[in-house]
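**Q** Pasting a structure below so you can have a look.
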């Protein structure tokens, strides 16, 4: 069975079934979520066992005429991360997005399931696509599945946030598409592997690279194109925020990595890598400070996403270079990828925990959450564990990721990139403890819960938070997988 | 002969630029939209001149037609307000506008330079496509690209279209969920709209069916045919001759997902019959492509029509 195909086809089949099922759509989750997870695990096993990139020519037509799907270690790992996060949020959403009665269907519960399944399919299409135009279609799918999720609750302020998100994302799509057209005009192929052999450092490739990068940055919400992210991610229902903040912004970042490390390494310039990392540094500092200043929990978590995305861009100047003597070569590459994955688990756990708090208390003003730890111990514990990973404290995936990035920065003599990373960790401790301290301290008047939260719902963010910690305890597994099909530019550096 | 074509180009290109400038620069929104529609139609002519009839059909039908209707519909819902002075009510001031104009101009120049630097003749896959076309049994290479070689793109694109409709539906006020999109159109029974609504649909249906059927061998196909059918349907709705369907209907939802579902089903069947996802067994390429296109045409027509009709505004009947 070609698992690489099933990873895309299965969620879309779920989407197409969910719409006619209407008020019964939530029952479909019990079929789609486990089978999608199983397919992802099987794909990882296939890549792991084979030890090389799995390539699949769709329809039997090899590129450049046809489209190839490719799963290397990085793609497989991201497909598995996506499956785990989507399954957890899907289970979480089952309590929220179900019909109000047996006869009536409600707007949000009918639309949530097809949108979630489509988002899953779109993420897998982005992680597995080997063709730049096909990846454009995957980006469009992502945008059009993500934007309605933002305003699914139908509150007026979320419409404004969704519209702003749509405008940024569509601008990003157009820029990306113009770049794809230029590359096709210059080299006559859209296939990433073929393009890597053909692309040279010349005006058309520079223009295409610049446009596509700008477009993908708008979708990844890198500073200063982050304006859409906090209101959109904070205003969405918790289950949607978890997927949007944990996964969707990572997909456009992943395409940026594919673009530079796989398709255009010959075109990349060290100064461009420095610029990306400088923007990432600004994102870490601004995002963390803004997260510290928020009054509302979900907004603080959303600004933290803006900051944590910044770390990913330090990969560009740190990857490769004089790091061959490190215990793991390409430390920054592994560190960046591991950061993306551990943040996916930690951030989705945080948003689900914040959603439970909002649901139980009726508001999410940080000042009014004193003593919540006694009322919802499991949820606050999950929030704290996820915070551990964001701060980069051991033992957690975030610790290993940041440690790899910082040691690479020091070993390669680029110590200045280590400064914002360490400062970002301290600031993250600030915004996490700003929530945890009053939550764990005894308040004069402990918060009254509007309604109890069942333990099995509280367990879901806890499992996600534990996964982000577990990554720090089992770092060698992902490394062996990441090694499969790793681009040479990941070890030799860009430019 | 070449001279005449050159003359046409010399007229067409400045007209396209002028229409684009008027669309962007118009003070009144209605004027801007009209120029945008004109721009789309002129662009369609330009595509014909470039020998890309498929693109021309899509540009005229979707770029000028449906988008124009959507923009006019959006304008009708905006509060009538005079265009704001620069700097007033938070709109960007003159300095910011100037900076944006300079940056956009620089981008346009850079893009122009990059396009002019492209190799001539352009490397491309036209020869490869022409060499592989006979094996498909199709006569139209564009259809072969869209449904056979890059069918995966098309499958995902129709899902994009469906997602866009779900996005529009997500804006429904909760009490009206499941209801009927748009207002009930009332027209004078002897009016020109009703007259057109009665006269044009039979011809439109015929043209739509022809464009779908011709798509296998000549310019045309599911997207163009779907747009024409959607236009006919919308005309009948706007003339008050029929009403938009309630979005809770099971039949409607089955038609909407039918196109992508048939395509996905044929694609998965390809795993068994052709040894590859979205592969076709050699002797059945054309029948399967026509089957997929038929389902897609219907789904695309209904999806586009409902996209223009908008979110439900009336409770279910």
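Glycine is no exception: its Cβ is also placed from the backbone N, Cα and C atoms.
These numbers come from a predicted model, not from an experiment.
Reproduced below are the annotations present in TrEMBL:
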| type | residues | note |
| --- | --- | --- |
| DOMAIN | B:15-79 | domain 'MrpA C-terminal/MbhD' |
| TRANSMEM | B:28-48 | transmembrane segment |
| TRANSMEM | B:55-76 | transmembrane segment |
| TRANSMEM | B:96-118 | transmembrane segment |
| TRANSMEM | B:155-172 | transmembrane segment |
| TRANSMEM | B:192-216 | transmembrane segment |
| DOMAIN | B:195-310 | domain 'Na+/H+ antiporter MnhB subunit-related protein' |
| TRANSMEM | B:222-242 | transmembrane segment |
| TRANSMEM | B:254-278 | transmembrane segment |
| TRANSMEM | B:290-311 | transmembrane segment |
**Q** Could you check if the transmembrane segment (B:55-76) is in contact with the transmembrane segment (B:222-242), meaning 3+ Cβ pairs under 8 Å among residue pairs at least 6 apart in sequence?
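**A** They do touch: at least three Cβ pairs between the two stretches lie under 8 Å.
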**Q** Take the domain 'Na+/H+ antiporter MnhB subunit-related protein' (B:195-310) and count its residues per DSSP category (helix H/G/I, strand E/B, coil), listing them in that order.
**A** 89 helix, 0 strand, 27 coil
**Q** With a Cβ cut-off under 8 Å, give me the same-chain residues at least six positions beyond the ends of the transmembrane segment (B:155-172) that come close to it.
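**A** Same-chain contacts beyond the flanks: 179, 247, 256-257, 259-260, 263-264, 267, 278, 296, 299-300, 303-304, 306-307, 310-312.
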**Q** Please report, as numbers and ranges, the same-chain residues at least 6 past the borders of the transmembrane segment (B:254-278) whose CB is under 8 Å from any CB of it.
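**A** Those are 151-152, 154-155, 158-159, 162, 165, 222, 284, 288, 291-292, 295-300, 302-303, 306, in sequence order.
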**Q** How does the domain 'MrpA C-terminal/MbhD' (B:15-79) divide up by DSSP, counting helix, then strand, then coil residues?
**A** 57 helix, 0 strand, 8 coil
**Q** Give the mean pLDDT for the domain 'Na+/H+ antiporter MnhB subunit-related protein' (B:195-310) on the 0 to 100 scale.
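**A** Across the residues of the domain 'Na+/H+ antiporter MnhB subunit-related protein' (B:195-310) the model's pLDDT averages 90 on the 0 to 100 scale.
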